[in-house]
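Pulled from Swiss-Prot, these are the features on record:
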- 235, 236, 237, 289, 389: L-serine binding site (BINDING)
- 266, 267, 268, 353, 354, 355, 356: ATP binding site (BINDING)
């Protein structure tokens with residue numbers, strides 16, 4: 001959420017930022033003007049309400065003086081005035097809450113402002129590659145992951161559909177174990193070498209948590225909601241970031257770095273017809289998440305560090321990848337800047353996203369009221385938040401299957417994962 005004071009003072013800059021994100025000039029200006037008008041109405045109302053409260057307080061004091069002077073008529077007149085003001089104030093306080101909610105809702109729907117070095121563009125075609133690691137091999141016999149998995153008898157989409165419908169997968173045997181091994185390897189790397197603290201968070205959260213990280217109110221159609229009103233997490237970013245909601249942290253203890261391996265649940269409402277075969281786009285999938293809570297001065301360096309931590313996963317696995325910086329039109333709602341890491345899939349003959357690492361500034365912190373106090377400071381400041389995939393486990397499984405497939409249909413297990421697989425070096429049909 002953006003600071004309304006900043007919006008008032010930088011209206012044209014916000015319009016420009018919204019245009020960079022793909023909004024038309026008229027829509028962008030309407031968004032900004034509506035927020036400023038709502039704030040003006042709220043401030044005007046607050047002034048009137050404060051004046052009424054001052055009048056009530058002054059009249060209440062005069063009642064005592066009138067009674068002391070024996071002027072009962074004046075005292076009764078003042079009592080009537082106080083009663084009238086009391087009713088006005090009660091109505092005014094209700095209106096104040098409505099105006100607060102109106103402004104909050106408008107601000108909650110305005111996306112974050114891209115940093116100056118983010119490339120301006122419309123969509124993924126305008127993203128800019130910044131580095132490429134590893135050789136993208138393309139054997140002429142390469143198959144896609146679902147062909148490999150079904151041929152091995154370890155990946156079952158038909159039974160998954162019978163159980164749950166489209167966009168689900170049943171993994172069995174050594175392929176299920178390989179996915180588990182990937183998640184364990186990632187957690188071990190991030191906790192023992194990268195300094196992240198492992199967390200096992202709830203998978204069901206309240207509205208406030210999703211508001212804090214920016215999924216609500218704008219993107220509710222992308223989520224699954226339970227009958228009791230809780231939401232299934234679309235990413236562990238939600239519970240991990242909200243650990244500091246409504247807290248004032250000790251600045252000396254920043255940065256806080258959290259990681260979690262959780263299932264994630266997404267409706268994929270806007271993905272009809274995309275990646276309908278295989279595991280690339282599922283309603284349920286595992287992901288290792290990285291979250292950092294830091295101060296403004298350290299946030300950009302932390303962003304580079306987090307991205308390097310995610311890249312290290314792919315380096316250790318021996319998977320070719322490239323890292324791109326997203327353009328303004330392709331960035332997420334709450335991000336100031338995002339790096340996507342895309343892994344090479346020889347079966348698809350292309351790179352596909354496996355991690356997205358974003359710096360959000362104080363955008364989420366304002367929604368969560370998450371602050372810190374630096375040593376010697378009386379004033380608490382908003383923290384800066386970052387999040388990234390470290391990495392998507394299901395997509396890592398796909399990448400291992402396609403990059404380590406053999407011409408006979410077997411899958412060689414990356415050396416780094418063999419200890420997690422009981423020393424197994426290859427997955428074959430009998431697995």
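Here the Cβ of each residue, glycine as well, is placed from N, Cα and C on the backbone.
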Annotated L-serine contacts 235, 236, 237, 289, 389, maximal Cα-Cα distance (Å, integer): 9
Residue pair residue 235 (L-serine binding site), residue 266 (ATP binding site) - Cα distance, angstrom, rounded: 9
Alpha-carbon spacing, residue 389 (L-serine binding site) to residue 268 (ATP binding site), which is rounded to whole Å: 18
Residues that sit under 8 angstroms from residue 356 (ATP binding site) by C-beta distance, when 6+ apart in the chain: 332, 338, 339, 340, 341, 388, 389
Nearest of the binding-site residues (266, 267, 353, 354, 355) to residue 289 (L-serine binding site), judged by Cα-Cα distance: 355
Protein Cβ atoms within 10 Å of residue 389 (L-serine binding site), excluding its own: 27
Least surrounded among the binding-site residues, given as 237, 268, 289, 353, when other CB atoms within 10 Å are counted: 268
Spatial separation of residue 236 (L-serine binding site) from residue 266 (ATP binding site) - C-alpha basis, Å: 12
